[in-house]
Amino acid sequence: MAKTVAYFYDPDVGNFHYGTGHPMKPHRLSLTHSLVLHYGLYKKMIVFKPYQASQHDMCRFHSEDYIDFLQRVSPNNMQGFTKSLNAFNVGDDCPVFPGLFEFCSRYTGASLQGATLLNNKNCDIAINWAGGLHHAKKFEASGFCYVNDIVIGILELLKYHPRVLYIDIDIHHGDGVQEAFYLTDRVMTVSFHKYGNYFFPGTGDMYEVGAESGRYYCLNVPLRDGIDDQSYRHLFQPVIKQVIDFYQPTCIVLQCGADSLGCDRLGCFNLSIRGHGECVQYVKSFNIPLLVLGGGGYTVRNVARCWTYETSLLVDETISEELPYSEYFEYFAPDFTLHPDVSTRIENQNSRQYLDQIRQTVFESLKMLNHAPSVQIHDVPSDILNYERTDEPDPEERGGEDNYSRPEASNEFYDGDHDNDKESDVEI
């Protein structure tokens, strides 16, 4: 039976800009959406311009002081916030930029709305490529992430779902999500990531397994440089099958960070776009309600290819290898294809022996789980999106609902190997 797929896209979200030289480029979302449109994939989905999350929504996970700071700080007044900037880890990796709070509101609102639609059985799969910012902590920003839309989305899912499984295939450990649910068996977190050699964020060892009620409900799969499709598949599929068999989640959240692809500007893995997509296809095959989110990914043209391809898999549509003509067509030079060779010369340091050892350790850990922990019956709170908004300024003062619209920053288009945002790699 065909699945109902909800797709969230805010036309302004790609116009925010972290600043000159910063590797995180929201413009990748505009490129992705352009390909989704020109391939005609939007016809297979219900397309939403998402809800914008309020302070109240964000404070379901984050501290009020931190969210209040995000709403008030701007490039013009940040000199007066020196103490707060340090306290909340806002600075180099997580800079203050124009429209910062609104950017967070847009990507978080989409994840929250996706969770609500899944709760109400209005869709089987919800996609928010702008979300997946898995490093943000309760009291601070981290790793280009300010508000943890994943945690907020999962908290909404937990109103209706006794058990939520979180899977993370970003090259970086999903530390913010793990930390949020470390003490509970209501959420099981499974992260496949590069670990060792001081690679950010430095967490995600195999022996981080959860604590108290959450003991053994946290699973980490630490990987070494250069992992390829075959090696990744050798671990991913059996681990996920075992987790789903044991835990029996009623909903899955999948973070699809594309920095695990070969040729990523900040990555050191060797996955192809097909190999990355195979993970998405495999998780989808279990026919469990699914919230699909973006995440990392710093070679912009390949991020757009990857998430477009994965959108096609989620809607069961075969799309052409030749990219459709769009306003960003020249950006995909020189091959203009969906699946260019993204392999690198990085040696695969994940030997079969190492992978088997990890697999064995993971399976031993799973044996410690209670099968499908149950939840006491409780009243279901009203949907978060029905809450009365008391923290919004008057629309007249704001200048209308869509007051913040910025032109595309030209340096969003730069992402070459030696890119420093001073010279474009592509003629636009």
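Here the Cβ of each residue, glycine as well, is placed from N, Cα and C on the backbone.
Annotated 1D-myo-inositol 1,4,5,6-tetrakisphosphate-binding residues in Swiss-Prot are H17, G21, K25, and among R215, R224, R233, R265 the one listed with them is R265. Annotated Zn(2+) binding in Swiss-Prot involves D170, H172 plus, out of the candidates D92, D93, D259, D264, the residue D259. Separating the Cα atoms of R265 (1D-myo-inositol 1,4,5,6-tetrakisphosphate binding site) and D259 (Zn(2+) binding site) is a whole-number distance of 8 Å. Considering only the recorded positions H17, G21, K25, H135, the residues lying within 10 A of H172 (Zn(2+) binding site) on a C-alpha to C-alpha basis are H135. Within the same chain, residues at least 6 positions away in sequence whose Cβ sits under 8 Å from that of D170 (Zn(2+) binding site) are G132, H134, S191, H193, Q255, C256, G257, D259, S260, G295, G296. When the Cα positions of H17, G21, K25, R265 are compared pair by pair, the longest gap among these 1D-myo-inositol 1,4,5,6-tetrakisphosphate-binding residues is 18 Å. Computed over the region 'Histone deacetylase' (3-316), the whole-number mean pLDDT of the model equals 98. Taking the Cβ of H135 (active site) as reference, residues of its chain lying under 8 Å away and at least six apart in sequence are, in sequence order, S142, G143, F144, C145, N148, H172, G174, D175, G176, P201.
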